[in-house]
Amino acid sequence: MEVSNLSGATPGLAFPPGPESCSDSPSSGRSMGSTPGGLILPGREPPFSAFTVLVVTLLVLLIAATFLWNLLVLVTILRVRAFHRVPHNLVASTAVSDVLVAVLVMPLSLVSELSAGRRWQLGRSLCHVWISFDVLCCTASIWNVAAIALDRYWTITRHLQYTLRTRSRASALMIAITWALSALIALAPLLFGWGEAYDARLQRCQVSQEPSYAVFSTCGAFYLPLAVVLFVYWKIYKAAKFRFGRRRRAVVPLPATTQAKEAPPESEMVFTARRRATVTFQTSGDSWREQKEKRAAMMVGILIGVFVLCWIPFFLTELISPLCACSLPPIWKSIFLWLGYSNSFFNPLIYTAFNKNYNNAFKSLFTKQR
């Protein structure tokens, strides 16, 4: 998915790095698991400081919480028939990718952080499997966020044309494209010989460092979906601003002699008559739709904001480092890597917090189990 570290072969997060030399790295001065030092030193007992224990504990809790929360969302969607439709299929696709991140990617990344000298000691085959799943799952998670944003955008701006049938077809197509594109980016090095992930001499496991693949993977996995979600939110903002202006123009001044008249209950139009009074034409259906659209727009905004904050430090670093032949301190690389992983924890929190049906389903699920 990226140039050097999405495989998790980042220098250790949970400890101050040992002495490094730029000559240890065969390419851009980055030592990926080839330098000594770290949490566990060869031939020595691991120096488990309080800081090390704290950070490792937090990372283990993050992995467990990411897995359990996304699994809860998946179980709820499977068991509640009302969720067997859009947009919950997009939510389920996101939860699947995030569960796989928690199960297949984050644990081995933590093992790599703790390994002696940050070396990959699990063999070439497992290295390729790990990196392939890393790129596949993280890319799918990112593109699923873009798919949810697109679905909300079309629902808000084209609710008449975006019928249930159209929405079902569009969501199924977006899910298929998401996983197909993610698989292409993940498997391209293996299918087309686009660089090598495993270095047996240095015991190093990392995403292919081929410059052309670096550009292809970072753009396909992050910068393209980033452009999509930013464009979508800009359009949602414009649509909301337009509707707010239209509502203000719908407020009509009434003369002082105007009398109030109650509309039929179906439309629930309310007329108020006072001196210098106004009348607002708004049906209960319009009000309900506007509230729903407002919640959807807020959810999309928070989802996009968290997505950008979690991933942009990592991908900016991975784009700039090869161009300037420079490198951040190892501790920052690890922080940016795990910040990106944490997006898989925040995703289910965000899209369930804005849907009361999920909260009710969670309560019902646990009540039945008792």
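Start at 1 and count along the chain as shown; that gives each residue its number.
Every residue gets a Cβ built from N, Cα and C, even glycine.
Cross-referencing Cys127, Cys137, Cys138, Cys310 with Swiss-Prot gives Cys127 as the cysteine bonded to Cys205, criterion being a recorded disulfide. According to the topological domain annotation in Swiss-Prot, Val86 and Asn360 sit on the same side of the membrane.
Under the three-state DSSP scheme, Asp134 (serotonin binding site) falls in the helix class.
With DSSP states grouped into helix (H, G, I), strand (E, B) and coil, the topological domain 'Cytoplasmic' (151-168) comes out at 12 helix, 0 strand, 6 coil.
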